[in-house]
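Taken straight from Swiss-Prot:
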{"type": "MOD_RES", "residues": "Ser115", "note": "phosphoserine"}
{"type": "TOPO_DOM", "residues": "24-37", "note": "topological domain 'Extracellular'"}
{"type": "TOPO_DOM", "residues": "59-68", "note": "topological domain 'Cytoplasmic'"}
{"type": "TOPO_DOM", "residues": "90-140", "note": "topological domain 'Extracellular'"}
{"type": "TOPO_DOM", "residues": "162-171", "note": "topological domain 'Cytoplasmic'"}
{"type": "TOPO_DOM", "residues": "193-208", "note": "topological domain 'Extracellular'"}
{"type": "TOPO_DOM", "residues": "230-235", "note": "topological domain 'Cytoplasmic'"}
{"type": "TOPO_DOM", "residues": "257-277", "note": "topological domain 'Extracellular'"}
{"type": "TOPO_DOM", "residues": "299-317", "note": "topological domain 'Cytoplasmic'"}
{"type": "TOPO_DOM", "residues": "339-349", "note": "topological domain 'Extracellular'"}
{"type": "TOPO_DOM", "residues": "371-446", "note": "topological domain 'Cytoplasmic'"}
{"type": "TRANSMEM", "residues": "3-23", "note": "transmembrane segment"}
{"type": "TRANSMEM", "residues": "38-58", "note": "transmembrane segment"}
{"type": "TRANSMEM", "residues": "69-89", "note": "transmembrane segment"}
{"type": "TRANSMEM", "residues": "141-161", "note": "transmembrane segment"}
{"type": "TRANSMEM", "residues": "172-192", "note": "transmembrane segment"}
{"type": "TRANSMEM", "residues": "209-229", "note": "transmembrane segment"}
{"type": "TRANSMEM", "residues": "236-256", "note": "transmembrane segment"}
{"type": "TRANSMEM", "residues": "278-298", "note": "transmembrane segment"}
{"type": "TRANSMEM", "residues": "318-338", "note": "transmembrane segment"}
{"type": "TRANSMEM", "residues": "350-370", "note": "transmembrane segment"}
Amino acid sequence: MKFPASVIASVFLFVAETAAALYLSSTYRSAGDRMWQVLTLLFSLMPCALVQFTLLFVHRDLSRDRPLALLMHLLQLGPLYRCCEVFCIYCQSDQNEEPYVSITKKRQMPKDGLSEEVEKEVGQAEGKLITHRSAFSRASVIQAFLGSAPQLTLQLYITVLEQNITTGRCFIMTLSLLSIVYGALRCNILAIKIKYDEYEVKVKPLAYVCIFLWRSFEIATRVIVLVLFTSVLKIWVVAVILVNFFSFFLYPWIVFWCSGSPFPENIEKALSRVGTTIVLCFLTLLYAGINMFCWSAVQLKIDNPELISKSQNWYRLLIYYMTRFIENSVLLLLWYFFKTDIYMYVCAPLLILQLLIGYCTGILFMLVFYQFFHPCKKLFSSSVSESFRALLRCACWSSLRRKSSEPVGRIDTDLKACTEQDVMPTTSKVIPEATDIWTAVDLCSA
């Protein structure tokens, strides 16, 4: 049985970040900085409450007679209580013989063009551990992008304004960055398991390292750019945030309304139409929060019964990173032209160059991951390098055709076909392991 390392990581980040936020808020109170104290507590306690409710919702404890679990969650100690449950189940799993098991079927990665279907017995203890891992992973994503991301931005902004960094602030910024990167990593794993739910997915350690570096560079540079821009144009940053937020929040709904599909009713049997609407709104809220700081890897599709698109859209990925790079460049240029005296001893051109190179480095690690370390790269219809070469050929062909004054309608169609690749395997449907796969509702069960 797999050791629950992801549970330990989630609980450690949750407890450490909450404790650091409480300590830092007390120092702000002692210094008389009431506003910083309130915001620090808000970005700590709000995701903390959402995490408690997420764990309760996933395990359906609200409809069960478990007063101790409810009490621990009310005391904001739910993750610690759940962690103890996980280790009790893990330690007792080898001692007790499983009276009941379920059988799941998965396909192995193709070897020499052949893919075998294997059966696996899953006992009750292992099924409970899978549920706990999924619950903590969902909670980590919520904590990362609804708590840690604004917390990191706030503390870095305070550091820039005061031109001073304390030990407590440095500690919480480090924890917040780790929490965001870990949440983004969980999003990547979620996307892989959803798109290839027929297959037995095994992520290698080098793949985790590559994703960690990709997300670290991407998120760190994004937060620094937002903080620099906020420090000189406080009013305009509201417009930037609102445009980013509502673009990603409304996009899934606009696509849904344009499709003319009926309202999804099969998300959760216990939910009414109002409850389903609330869950979908929270899902799109979390989706917008993720995409404001990094690529979500999971694409919402409300008109889909599973609420998540299983196709790998390279075209959308390309558009996202090109747009985000242009946006970061524009924000840095505006900061350069309107910077104040607090940046007197900062070499602005060098800082801008470092941030843009850092963001490009993150994109480079992303390409390396998809080219060499993706666990399902054998199922891709084309690799990253092949898609890039096809894009260059289409671009050159388009340029030549324009020079010859010929119609470009077919060229645009070919260009889109070269950049948008559907990598889903065309295999027969098998029985997926239900408890091991996240759905869109699983991601936002709060």
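Just so you know, glycine gets a Cβ as well, placed from its N, Cα and C.
Since the structure is predicted, the reported quantities are computational estimates derived from the model, not experimental observations.
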The topological domain 'Cytoplasmic' (299-317): DSSP-derived helix, strand, coil residue counts: 4 helix, 2 strand, 13 coil
Cβ-based contact of the transmembrane segment (3-23) with the transmembrane segment (69-89), 3 or more pairs under 8 Å: yes
Result, the transmembrane segment (172-192) in contact with the transmembrane segment (141-161) (3+ CB pairs under 8 Å): yes
PLDDT averaged over every residue in the topological domain 'Cytoplasmic' (59-68): 67
Residue numbers, six or more beyond the limits of the topological domain 'Extracellular' (339-349), whose CB comes under 8 Å of its CB atoms: 160-161, 163, 231-232
DSSP helix/strand/coil residue counts for the topological domain 'Extracellular' (339-349): 5 helix, 0 strand, 6 coil
Whether the transmembrane segment (172-192) meets the transmembrane segment (278-298): three or more C-beta pairs under 8 angstroms: yes
Cβ contacts under 8 Å made by the topological domain 'Cytoplasmic' (162-171) with residues that lie 6+ beyond its boundaries: 20, 23-24, 27, 155, 342
Secondary structure content, the topological domain 'Cytoplasmic' (230-235) (per DSSP, counts of residues): 5 helix, 0 strand, 1 coil
Three-state composition of the topological domain 'Extracellular' (24-37), taking helix and strand from DSSP: 12 helix, 0 strand, 2 coil
Same-chain residues at least 6 beyond the ends of the topological domain 'Extracellular' (24-37) whose Cβ lies under 8 Å from its Cβ atoms: 44, 154-155, 158, 166, 168-169, 172
